[in-house]
Amino acid sequence: MINKRMVKWLKELAIALIAAALAAYLVSAQVKAGQLIIGSDSIFHVNRIYEASQQIKTGNYSWFMSVYGFHQSGRIVNAFYGPLFAYLLGLILLAAGSWYRFQLLTSFLVYFFACLGMYRAGRRVGGNRLAALWSGAVYLTVGWLARWDMGSNFSAITALLAPWLMIAIVDLLDLKQEFPVKRLVILIFISLESHMLTALLFSAALLPAAIYRLAKEGKLAWIKLGKAAGICLLLTMNYWLSLVYFGLTNQLLSPGKMSLTGNALRLSQKTTSKLTGLVLNSSTRDQLSRIMFIFFALQILACLLLAVDRTFTGRLNRIFTLSGAGLLYLSSALAPWDKIGQSLPFMASYLQFPARLASLAYAFLLLGAVLTIKQLEDRHLDLQLGAVLAIALALLLFFDLRYLRNQIYTNAVRGYMPGVARSKTTSLGSDNDKDDRLLAEQASKTMDPGLFLKKARKTVPDYLPAGGGDFKQVETAYKQVVLDQHFFKKTTAGQTVQLSWTSKKDGEIRLPLVLYRQSKLTVNGQQVKVKPGAGGLATIMSWKGKNTASLAIEIPFWLQASLCLSLLADLLAALYLLGNWLCKRLQVLVNKELKI
């Protein structure tokens with residue numbers, strides 16, 4: 001006879017299978033087209049991931065310098081962009097073998113875990129399984145999540161983790177629950193090791209709920225919050241300490257400035273693709289379909305009509321729905337982003353796209369919808385009204401999934417996002433023509449990931465040493481000296497990059513190596529001290545005939561020790577969580593045997 005525990009397990013398994021089916025449905029659009037989608041950030045991030053994969057493959061680890069990716073320029077990237085997540089993606093690349101397979105596999109995982117995460121959040125707020133699953137399915141179709149598949153945008157990480165942020169907020173607001181030390185640590189650790197902006201947005205979103213908890217519980221809550229912060233600082237020290245150290249000792253270039261108003265959320269227009277003939281009307285990145293806008297407006301209205309409900313569910317609905325409405329406004333072009341940009345100019349470099357805030361807005365509003373359904377259930381919703389509501393929600397999901405799949409397929413048939421071919425900072429082959437794009441696509445399917453990096457190049461000067469130059473000067477210098485330079489032969493020896501070249505005469509030459517204050521440059525067997533120019537690129541004297549150079553980096557002992565301590569703490573924390581999980585599973589089995 002099947003007991004209640006088995007029934008619950010089977011129901012959860014069914015939910016996981018449905019989430020997998022939804023993820024497979026979306027990814028199948030790209031499988032049908034049979035091409036890699038080269039997005040706005042793809043080339044930059046494939047260099048990061050390739051770097052990590054080659055370090056794992058060869059066992060030659062270089063935490064700071066890029067010795068395989070980024071044209072073996074010695075540039076520091078992964079240490080500034082979520083190092084541990086880069087290594088995780090590197091492992092997946094090694095398992096997948098090619099960039100095409102890697103994109104399919106990771107896109108499936110992103111969709112799958114985002115759907116399950118939203119389902120868990122829906123269940124945490126008290127929603128029934130069907131409503132929670134519906135919210136997870138719709139969540140796949142809005143915001144930045146699909147931009148992982150189509151653009152390799154790491155704002156998709158914000159969307160992927162946002163459901164777990166929602167759960168953490170509920171845990172903080174629910175005074176019947178223990179202060180969620182473990183959940184907060186895990187959430188901020190994963191977000192900071194993946195995408196710094198995600199961690200900053202999450203910290204800001206958690207602040208009101210944390211203040212409420214501190215006000216209600218006082219000293220005990222302060223102690224637990226301090227504990228969570230301390231553990232998190234230790235576990236992530238391998239990331240933030242490196243960024244702070246190099247930021248203080250080098251003049252690093254800020255990320256490129258973007259138009260805040262131009263990258264705010266707007267209503268999308270239904271169009272028909274000339275390439276595929278499919279209808280496009282999705283709600284991804286900075287676009288929101290009118291049908292989703294109407295749905296969110298109705299959810300806000302329903303929340304206000306149910307404002308008389310003073311239960312925890314009612315209060316939670318108001319908190320989530322009004323928070324989502326506020327964030328939706330801030331993410332949109334309705335907000336005065338021109339004035340905000342003038343008052344806070346750093347926002348143009350570090351937020352860049354106000355539409356990023358929509359990832360949190362959608363999570364808040366969809367959970368608000370789950371809470372509204374729960375409130376209506378508690379009020380014994382009329383059967384006919386319930387049937388109409390169910391049909392409307394089902395139709396909304398159907399059209400959203402269809403429109404998103406159409407967009408994925410259209411971009412996959414094209415092989416790249418529309419703006420990539422027009423980008424002045426992106427190079428596919430020599431001149432971005434059709435033949436070059438075909439060669440890049442073919443390279444993406446080979447089992448040699450490094451071949452694609454030779455066909456596809458992109459100039460992203462973020463966090464390069466300024467060397468007295470501005471953003472445009474650094475961008476130009478990096479492209480000319482590093483990306484367009486085929487005069488040098490490069491090899492990797494341990495944690496150093498070695499160059500060799502032949503000169504027809506004595507004279508000055510700029511090396512395609514990025515130098516920081518901690519860099520150690522050796523030319524023709526002698527260590528030289530040079531003052532790098534824009535982009536950290538140095539000019540040295542070259543001899544007539546064969547020349548050699550090598551680049552290494554000297555890291556102070558205290559920083560190396562701090563990194564080792566943090567990584568050891570990460571390992572111990574992972575073992576603790578694994579052991580804790582195994583003990584709980586073992587206890588369940590023991591109780592079952594003893595029939596307790």
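Any Cβ shown, glycine's included, is placed from N, Cα and C.
Heads up, TrEMBL stuff is auto-annotated, nobody curated it.
Annotation comment: TrEMBL describes 76-95, 102-119, 131-147, 154-173, 185-207, 228-248, 288-307, 319-337, 357-373, 385-404, 557-578 as transmembrane segment.
Taking Cβ pairs closer than 8 Å, the transmembrane segment (131-147) reaches residues 15, 18-19, 22-23, 26, 39, 110-111, 114-123, 153, 155-156, 158-160, 163, 282-285, 288, 292, 355-356, 358-359, 362-363, 366-367, 369-370, 373-374, 393, 396-397, 400-401, 403-404, 407-408 in its own chain, all 6 or more past its ends. Using a Cβ-Cβ cut-off under 8 Å and counting only residues 6 or more beyond its ends in the same chain, the transmembrane segment (385-404) has close neighbours at 22, 25-26, 134, 137-138, 140-142, 146, 279-284, 289, 291-292, 295, 373, 376. Counting residues 6+ beyond its ends, the transmembrane segment (185-207) has Cβ neighbours under 8 Å at 81-85, 154-155, 157-158, 161, 164-165, 168-169, 172, 228, 231-232, 235-236, 239-240, 350-351, 356-357, 360, 577 in the same chain.
By the count of Cβ pairs under 8 Å, the stretch nearest in packing to the transmembrane segment (557-578) among 76-95, 154-173, 228-248, 357-373 is 228-248.
With Cβ pairs under 8 Å as the measure, the transmembrane segment (76-95) is packed most heavily against 228-248, out of 154-173, 228-248, 357-373. Using a Cβ-Cβ cut-off under 8 Å and counting only residues 6 or more beyond its ends in the same chain, the transmembrane segment (228-248) has close neighbours at 63-64, 76, 79-80, 82-84, 181, 184-185, 188-189, 192-193, 196, 516, 518, 559, 562-563, 565-567, 569-570, 573.
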